[in-house]
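In Swiss-Prot this protein carries:
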- 4-167: domain 'EngA-type G 1' (DOMAIN)
- 10-17, 57-61, 119-122: GTP 1 binding site (BINDING)
- 176-351: domain 'EngA-type G 2' (DOMAIN)
- 182-189, 229-233, 294-297: GTP 2 binding site (BINDING)
- 352-436: domain 'KH-like' (DOMAIN)
Amino acid sequence: MPKPVVAIVGRPNVGKSTIFNRIVGERISIVEDIPGVTRDRIYSAGEWLNHEFNIIDTGGIDIGDEPFLTQIRQQAEVAIDEADVIIFMTNGRDGVTAADEEVAKILYRSNKPVVLAVNKVDNPEMRNEIYDFYALGFGEPFPISGTHGLGLGDLLDEVAQHFPKVEEEEYDDETIRFCLIGRPNVGKSSLVNALLGQERVIVSNVAGTTRDAVDTPYTKDGQDYVIIDTAGMRKKGKVYESTEKYSVLRALRAIERSDVVLVVLDGEEGIIEQDKKIAGYAHDSGRAVVIVVNKWDAVKKDEKTMKAFEDNIRAHFQFLDYAPIVFLSAKTKKRTQTLLPVINQVSESHNIRVQTNVLNDVIMDAVAMNPTPTHNGSRLKIFYATQVAVKPPTFVVFVNDPELMHFSYERFLKNRLRESFGFVGTPIRIIARARD
């Protein structure tokens, strides 16, 4: 299930980023007193009383030179579209302003749960001055102080009350769920159409739990699949063209519901920095990953071109060294038939479970081949290992001192596990833990 999404909405300079940073527990947004400061990072993961959620700071939208009220409206519209719950942020020192009323009108029409927060209530005496905010029409205002961290617990308690109830996915464990992520115009939707066109066994378009997304189930050679649409495939007008960062959030929500992530690149244009960022989201998710080079038909090539492009991918995406690469053309459908077998392979690897005795044989053989490292006269000692999870395969290695597990030796162990058990397209996680 995807995490609920909380959006912080409000006119500039009411303290959205300060509250955002308080909730996620680290300073991610740039906080300044200048209204309309833009930020590079406008979403993050939050947690409150075992409720995990994603949170958006709408102050991260850079609209440009648009009129002031248009900016507010566009912020609110994006938040309305993406969020399950909206925190409507106001400023207790300023009282209710015309801009607050403009935001309120938009949010009132949204039919989304809205929790009204009055920020900059820095002392108890100021609480008596928040009653004017009832006039905005969202019930009880929650007085908070982003600077001092006051009142956030009560605010988040109320926010969590409005999270959607957790629903079970309607697909069984044998169904492979995958999504396509990539920058605009790399051919994601064309590739979906090419895949569906090969078999044309579209069971139905089932509305997914991700807002706006449509899950497309289909079957090929007896294997059931579901394409989790990122909802970024469809253009949504001017607001979305100017808020590209929100396509990242939609992609992340699709990734959360997927077993396999296809990172789609443009073979004609080559690799750019944005591709690397997008690929990083796939890697960080712990999902199985396939790198797809689309538009290969448009590339002038000889017998060395594919190898050179693959080497370029490996150089840029060193963190995805485990991901297989598929070259194809969605437009001509050339080589598209090679994709599903690779998806099957990485999905199977993602779910491999290794017997403990066999696992420990491999670990001890690896140690014999390459002795454990030392640090300040102390040598890492590995006692035994066990697998604790799949999707991705996760192993706990019990040692004398976890601090002695150098990242390079951890990488060596991962490579030995990969070679020994045929892990393809899936990250492997190793957790060093002290033996009791």
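Each residue, glycine too, has its Cβ placed from N, Cα and C.
Locations of recorded Swiss-Prot features on the structure.
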residue : record             : DSSP (3 states)
GLY10   : GTP 1 binding site : coil
LYS16   : GTP 1 binding site : helix
VAL121  : GTP 1 binding site : coil
GLY182  : GTP 2 binding site : coil
LYS188  : GTP 2 binding site : helix
TRP296  : GTP 2 binding site : helix
Among all protein chains shown, how many Cβ atoms are found within 10 Å of the Cβ of LYS16 (GTP 1 binding site), not counting that one? 27
Top of the binding-site residues GLY10, GLY182 by count of other CB atoms within 10 A is GLY10
Least surrounded among the binding-site residues, given as ASN13, ASN185, when other CB atoms within 10 Å are counted: ASN185
The average per-residue pLDDT within the domain 'EngA-type G 2' (176-351) comes out at 81
Distance check, please: Cα of LYS16 (GTP 1 binding site) against Cα of GLY182 (GTP 2 binding site), rounded to an integer number of angstrom. 29
Here the binding-site residues are GLY10, ASN13, VAL121, and the Cα closest to that of ASN185 (GTP 2 binding site) is found at GLY10
Compare the Cα of ASN13 (GTP 1 binding site) against each of the binding-site residues GLY182, LYS188, TRP296 and report the nearest. GLY182
